[in-house]
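See below for the structure under consideration.
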């Protein structure tokens, strides 16, 4: 996933136009470095060279040379309230285990290109497993400091994800970043700290919310650990909050999403479009279930999760619990699903309450991400959503409760699968991403929550962009406050893909009204369309990767 670029930094100069070319790295798996770096001053020198390149371009502009940039950057809007700012996700391994910015020169060139394409900014994961890996309360933000300064230099904005989950084993994961070693030591001693399925499989992707308030991490509770981490971030980046760093997305589960890890892809455990499995079998979750059952006078309901809910890769009709007239709609089923989903809501409520207290005077927006689980959406039980913790069925609106919880804290509801169409999905999976997005838009409008979006899968085609444009509009339901595009990599800089991105950004600046970019025009946007192939022949000059 790491992006590799070779180009002249002067690519925005009309007389010496260069472009960016990317190439794959041999390996994208992150590992602990045991040896001293070959270039100990690389981070400093890369920033100096980035600043030098940036200043060089400024001087060239001042001499009167035309600067190439798509006209979207300078377009005047009749109604700025319709503009949907576009952010681009950075590679997962943007910061290394050595606390350095990965391939800083390439990043500098990429940010320059994104700025001239009209994007608002970029998004990066602030990995718990990188920052606090050396021990409890020992934080190292150095690589992120370098990134923030580079983003500021290019006049871009930054969304930062508080990523308290493991990277690796899910859709799009191209590197491995586990939880901090000292946390893994605690998990090895007490495996019930992580989510567990009915077969006893442990998932070390995220700490089980069942122990949120237990002092199980070297004397601190998980909620305290998350809060301390966010305070450290706030204190380290206080001079950038609200100006460069404009949004903090609070990670609340696997993949940073508010959900249970009900469909883990690692080791082939789950495959699309399986219904997944409930993740309530660690001792802390079972104790909570038993207590809830006793409180309603049904002690027998608290001994275990549903016995007839099937396995990861089954379909709803294969199970007694999820089938059309299954026990999901019985008194027991309603009790269990209410408890299971409420535990998730309480987890989100607790994390967002502390986040709001930590960042309330910083000027940043807070957001929370919800997964777009669109398979089996057309079934009565919505089985795949239920196992993930979303109590959304034909008779119960699970997303309205989530939207209300986010709205209470002024948190943006960030939702995925905005690029998907129903007709693209397999018939037997009963998918409806369009129906799901419509439901979420309606829920956020009713709850008064802002809605932002992401694409669930890497796509660069016109149809995907067109669908995002359609869902971004506020003609029905709730429009988008922002959109974050997945993801910065070498494919994005292919000629046709880059053209599509520039068109998309321009259209989003018009509130989702599609604007077609011509092959060549007088505003300089031909840099991104007609001249790309010629430019790519002249890329072997100034930028060399470290």
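Backbone N, Cα and C define each Cβ position, glycine as well.
Over in TrEMBL, the protein carries these features:
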- 125, 165, 173, 369, 374, 416, 455, 456, 487: substrate binding site (BINDING)
- 257: active site, proton donor (ACT_SITE)
- 454: active site, proton acceptor (ACT_SITE)
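Features recorded in TrEMBL, as mapped to the structure shown.
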residue: 125; record: substrate binding site; CB count, 10 Å: 24
residue: 257; record: active site, proton donor; CB count, 10 Å: 24
residue: 374; record: substrate binding site; CB count, 10 Å: 26
residue: 454; record: active site, proton acceptor; CB count, 10 Å: 22
residue: 455; record: substrate binding site; CB count, 10 Å: 23
residue: 487; record: substrate binding site; CB count, 10 Å: 21
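Reported as a whole number, the C-alpha separation between residue 487 (substrate binding site) and residue 454 (active site, proton acceptor) equals 10 Å.
Here the C-alpha separation of residue 455 (substrate binding site) and residue 257 (active site, proton donor) works out to 14 Å. Between the CA atoms of residue 257 (active site, proton donor) and residue 374 (substrate binding site) there is a gap of 15 Å, rounded to the nearest whole number. Spacing of residue 454 (active site, proton acceptor) relative to residue 374 (substrate binding site) is 14 Å (Cα to Cα, whole number).
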